[in-house]
Amino acid sequence: MAGVIPVWIALVATLSVFLQGINVKAATFDITNQCPYTVWAAASPGGGRQLAKGQTWTIQVAAGTTGGRVWARTGCSFDGSGRGTCQTGDCNGMLSCQGYGQVPATLAEYGLNKFQNLDFYDISLVDGFNVPLSMTPTSTNPNCKGRITCLSHINSMCPAELKVNGGCKSACARYNTAQYCCTGASANNCGPTNYSKFFKGQCPQAYSYAKDDATSTFTCPSGTNYKVVFCG
């Protein structure tokens, strides 16, 4: 029996290190509203919550989560059961989102520990624009890009053909063609258009169309936490 105890101790120690490694890769997202109006924050995964100016909602995101996004909904009305509608960013009429929202919406996107122990994060206008936002990783690692923003008030400058109540659709969302959505015959040969150049001119760090990776994707070491701020 004397030899059994050290074996179990070793197994427990190994498991502890393994679990610590998982925790390091998980992330906390602090989502704050600095807009002079109420927004209904949404996260997939995460759900949703009403935020008055100055309020913060904190969510925990599991290690290895990819395809994650955070956005603001505007012009919402919900009943006591959490059912209702939003003018922009609506997710199937639910306060607590179970999936992605409707266009237009400014997106803070991320993939945790997606490749070589790196998180990937970006701001996307591929679904259009509704609320200015910034995304800031908390890491001070020099290999981390840092804060990225899209703080231009695009709604007031939106081309008439893309304008909707409370937001500005992307050309892909408005016309749904291969040229603007980089699909079909355009999937591997898709460049910027006058519409995407408009969005890029307003928010140079944000995705302006689906293939805008080179100037719009940023990385941080896995285990980083993030702050998303609407209007700030």
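Each Cβ is built from the backbone N, Cα and C atoms, and glycine gets one as well.
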Swiss-Prot annotation, disulfide partner among Cys144, Cys150, Cys158, Cys168 for Cys203 | Cys150
Cys76, Cys220, Cys231: which one closes the disulfide with Cys144 in Swiss-Prot?
-> Cys220
Residue among disulfide-bonded residues Cys35, Cys86, Cys97, Cys203, Cys220 with least C-beta crowding, 10 angstrom cut-off | Cys35
Rounding to whole Å, the Cα atoms of Cys203 (disulfide bond) and Asn194 (N-linked glycosylation site) are apart by 14
What is the number of other Cβ atoms found within 10 Å of the Cβ of Cys182 (disulfide bond)?
-> 19
